[in-house]
Ligand code: ATP
Ligand code: MG
């Protein structure tokens, strides 16, 4: 069947009252961006839904791409018909006969255009009767039809659609502002970033590494994770922080039980400084309550104390199994388990304090002058902008 449109429905977006226009504009921009490699298509944004005008493009790879765009509740392939009975009948018959394996059907008419002279119920009967009279061995089943044809009679035209394809839901990336994700090479932080993006957050990422203790490949792994994240939001800027000198100083001068807490506090301070510079108003981590020594209530308290920025922790109440499930679903897991050392594991003390006391941490830190190290370190940050790799686009193009 030759579909000529895709209907995109917003779901939660429609609840947003006055902000709605902002959300739909952002969504339209994201859809156009994601589909930029399909030059023939047109994105037509309306108040309560959006249309992709296919202009002859194959809808399959376009749907494939759209199911990963946050802010789309569901989608349907559609045929646009003029608002008159004869045209609707003709196209509905074509849809019914050209769809494979259909023995039963149902018609659901929605008439938002009250100028159309026939009521919904009556039109269901008229069209149903017409389809029965012009086919053989096909019957009506209102409970479990093989094909449900929705006839959506609107002001500008009528759209015939059949099944609904589930979208990624959430909010369009960019509609909830920007946040800085502390991105390690582990399993948790990429999932935290993904979940924040699902709520409309545009990401920048910061990664701490410790050359030569951590290898180039560990850094590559993080950039690969950032690239996966960029798929959901066009691009992700990654700030790479050479952390070695400061880590060595902490290792030398802070009692070992407290070195991890101090290291985390440094990470927070540096992250806040980068966020400030970039005009970003919050931080995101992959922390999950009780998972490891640095994620007890006492640790979080001591670590969080260095910043007034909101720290968003999308995984705080999740079990590791649940986190791994998401990581697998979004194809991050295989990258996350590549066996390269993380800066924190290199310097991790044998027995980190699970209940660090804030006064003690502050006391230890007062003995080391770290301001200058921080300044140097901020100077040495390398920033890269990661976009969806061409190979991903190529793979999409091959589907055409
Ligand atoms: P992850 O799987 O995200 O590494 P984790 O379970 O290993 O998390 P921790 O090592 O305690 O937990 O790290 C807690 C959080 O601190 C991480 O989720 C991440 O947000 C941040 N973090 C840890 N290491 C780094 C790093 N090298 N660079 C940037 N952020 C980091
Ligand atoms: Mg980790």
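Glycine residues also receive a Cβ, built from the backbone N, Cα and C atoms like all the rest.
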(request) Select one of 174, 200, 257, 286: the residue that TrEMBL places in the ATP site alongside 182, 183, 207, 208, 264, 295. (result) 286
(request) Determine how many residues of the domain 'THUMP' (60-164) DSSP places in helix, in strand and in coil. (result) 35 helix, 31 strand, 39 coil
(request) Please list residues from the chain of residue 295 (ATP binding site) whose Cβ is under 8 angstroms from its Cβ, counting only those at least six apart in sequence. (result) 287, 288, 289
(message) By the count of other Cβ atoms within 10 Å, pick out the sparsest of the binding-site residues 182, 183.
(response) 182
(request) Might you list, by sequence position, any residue in that chain lying six or more from residue 264 (ATP binding site) with a Cβ less than 8 Å away from its Cβ? (result) 294, 299, 303
(message) Given 182, 207, 208, 264, 286 as the binding-site residues, which ones have a Cβ positioned under 6 Å from some atom of ligand 1?
(response) 182, 207, 208, 286
(message) Taking DSSP as the reference, which of helix, strand or coil describes residue 286 (ATP binding site)?
(response) coil
(request) Tally every other Cβ atom lying within 10 Å of the Cβ atom of residue 207 (ATP binding site). (result) 25
